C-alpha cells in the first residue's frame with residue numbers, strides 16, 4: 001500500500017522531528033523545496049500500523065460478542081436438562097446484561113476519551129477485556145452449583161460488555177484521527193479505518209465460529225466443558241498482544257491540538273446548535289441498522305434447518321459469518337472513491353433490494369435453497385459494504401469535532417445498541433401478529449424482513465439529507481471550522497488542546513500554524529505520493 005510524505009495539514013508532536021512540509025520559513029531557507037534530505041522517521045508506531053493498533057482490538061470485541069452463541073449451545077447441551085427454567089432465565093440475562101454493559105461502556109468512555117484521552121480508554125479496554133475473559137473461562141459456582149456458575153457468567157458478561165463498549169469510542173475514534181496522521185496515504189484514509197475496525201470485527205465473528213469447532217475436533221464431544229472454557233479464555237489473547245503496542249502510542253495530533261479537557265468550560269450550547277442534526281442522523285441510522293440486522297437471523301435459522309445436518313450448528317455459524325467478509329473488504333476498497341456517505345447509501349439500497357427479493361420470492365426460493373443462500377449472502381455482504389463499514393466512520397468523522405468526538409461516538413453507538421436490544425423483543429410479537437400465531441406461515445418469516453428492508457430505505461434517506469460526506473483530512477478541516485465558529489461566538493480557543501501554547505515548542509507551534517492555514521487555502525500544494 002502506497003504511503004505519502006507527511007502531509008502539510010498534519011501537525012508534528014513535540015517528540016517528532018519536524019518534516020519539511022511543516023517547518024516555518026524561519027527554520028528553512030527559501031530554496032529548501034528542492035532539499036532531498038530524507039525526513040527523520042518518527043518514533044513509535046506510525047501510518048497504518050498505528051491505525052491498526054488503535055482499531056484492531058475490535059477483533060476481540062467481535063470475537064467475545066460472537067463466542068457467546070457457540071458457548072451458549074454447549075452450555076445448553078451440558079446443563080439445560082438439569083433445570084430448563086433456570087437455564088432459560090440464565091440465557092436471557094446472559095444476553096441482556098451484555099447489552100447493558102456495552103451501553104454503559106460506550107457512554108462512560110465516550111466522555112472519558114474526550115476528557116482524559118483516547119489512550120487511557122484503549123488501555124483500560126484491553127486490560128479489562130483480558131481480565132474478565134480469563135475470569136469467565138474459570139467461572140465456578142460455590143460447591144459446584146449451577147446457580148452459582150450461571151450468576152458468575154452473567155456478572156462477568158456484564159463486565160466484559162463494559163470493555164467492549166469502551167473500545168468503540170476510544171479505539172475507533174483514535175483510529176479515525178490517526179488516518180489523518182503522518183505517513184498515511186490521503187487516498188486511503190477511509191479504507192484504512194474500515195479495515196482496522198469493521199473488517200476486524202467481522203473476522204472476530206468468523207474466528208469465534210471456528211474456534212469451538214476446532215476445539216471439538218481436538219478434544220472431542222466428551223470434553224465440552226474444556227471447550228467452552230477455552231473458547232471464552234482465548235478472548236484474552238488479542239487484547240493482551242495489542243496492549244504492548246498501545247502503551248507505546250501518543251495521543252493523536254487532533255487531540256493534542258483541539259481537545260477541551262475541562263468539561264466545565266465546554267461550550268455545550270454552541271456545540272449542540274451546530275451539530276445536533278448530524279448526531280441525531282448518525283444515531284438514527286445506527287439504530288435502524290441494528291433493527292435491520294436482526295431479522296436476518298430468521299433466515300439463517302431456515303438455512304441451517306434445510307442445508308446442514310441437525311448437529312452442524314457450529315459449521316452453520318462459520319458459514320454464515322463468512323458472508324460478511326466479501327462485503328467489508330469490497331466496501332473498504334470503495335470508501336475513498338465514493339466517500340463514506342455515498343458508500344453507505346449504496347450498501348443500504350442494495351440491502352433493501354436483496355431483502356425485498358428474499359421476502360417477495362420466499363415461497364419459491366425456499367424450495368431452491370442454493371438461490372436462497374446466494375441472495376441471503378448478498379444481503380449480509382451489502383450490510384457490511386455500506387452501514388457496517390461506514391456507521392463508525394461517519395460517527396467519528398462527521399458527527400462532531402475532536403473536542404466531543406468520543407462523547408458523540410459513544411452516544412450514537414449506544415443508541416444503535418439499544419435499537420438491537422429492542423429489536424430482539426419486538427420482532428417476535430410482530431411476526432406472531434402478522435401470521436396470526438401460525439409460525440409455519442410464510443409471512444411469519446418474511447414480515448420482519450419486509451420491515452427491515454423498508455427501514456434500510458429510510459436510513460439511506462436520513463444519511464443522504466442530513467449527514468455530510470467525508471473527504472481527505474475531513475476532521476482537520478472540521479476542527480478549524482469549529483474553532484472559527486467558537487471564536488465568532490466569543491469563545492476563547494487559546495486553551496484548547498492537551499498541549500497549550502505555553503508548553504508547545506517552536507516546531508509544534510509552527511506546524512499548527514501551517515496546519516491551520518492549509519484548511520483555509522485549498523490551493524496550497526498537497527503532499528506528494530511516494
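Cβ coordinates come from backbone N, Cα and C, glycine included.
Annotated features in TrEMBL:
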COMPBIAS  520-530  compositional bias 'Basic and acidic residues'
DOMAIN    50-471  domain 'Major facilitator superfamily (MFS) profile'
REGION    1-40  region 'Disordered'
REGION    492-530  region 'Disordered'
TRANSMEM  93-113  transmembrane segment
TRANSMEM  120-142  transmembrane segment
TRANSMEM  148-170  transmembrane segment
TRANSMEM  191-220  transmembrane segment
TRANSMEM  226-245  transmembrane segment
TRANSMEM  266-289  transmembrane segment
TRANSMEM  318-335  transmembrane segment
TRANSMEM  342-362  transmembrane segment
TRANSMEM  368-386  transmembrane segment
TRANSMEM  407-427  transmembrane segment
TRANSMEM  447-467  transmembrane segment
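Contact between the transmembrane segment (266-289) and the transmembrane segment (407-427) is supported by 3 or more Cβ pairs under 8 Å, counting only residues 6 or more apart in sequence.
A Cβ distance under 8 Å defines the sequence-distant neighbours of the transmembrane segment (226-245), meaning residues of its chain 6+ beyond its ends; these are 45, 53, 56-57, 59-60, 63-64, 67, 70-71, 74-75, 78, 123, 125-127, 129-131, 133-134, 136-138, 208, 211-212, 215-216, 219. Counting only same-chain residues 6+ beyond the ends of the transmembrane segment (148-170), those with a CB under 8 A from a CB of the stretch are 57-58, 60-61, 64-65, 68, 86-87, 90, 93-94, 97-110, 112-113, 118, 120-122, 124-125, 128-129, 132-133, 135-136, 139-142, 392, 406-407, 409-410, 413-414, 417.
Sequence-distant contacts of the transmembrane segment (342-362) (same chain, at least 6 residues past either end, Cβ-Cβ under 8 Å): 285, 292, 299, 327, 331, 334-335, 372, 375-376, 378-379, 382-391, 394, 442, 445-446, 449-450, 452-454, 456-457, 459-460, 463-464, 469. Between the transmembrane segment (318-335) and the stretches 191-220, 368-386, 407-427, 447-467, Cβ pairs under 8 Å are most numerous for 191-220. Long-range neighbours of the transmembrane segment (368-386) within the same chain, counting only residues 6 or more positions beyond its ends whose Cβ lies under 8 Å from a Cβ of the stretch, are 198, 202, 289, 292-293, 296, 299-300, 302-303, 306-307, 320, 323-328, 330-331, 334, 343-348, 350-351, 354-355, 357-358, 361.
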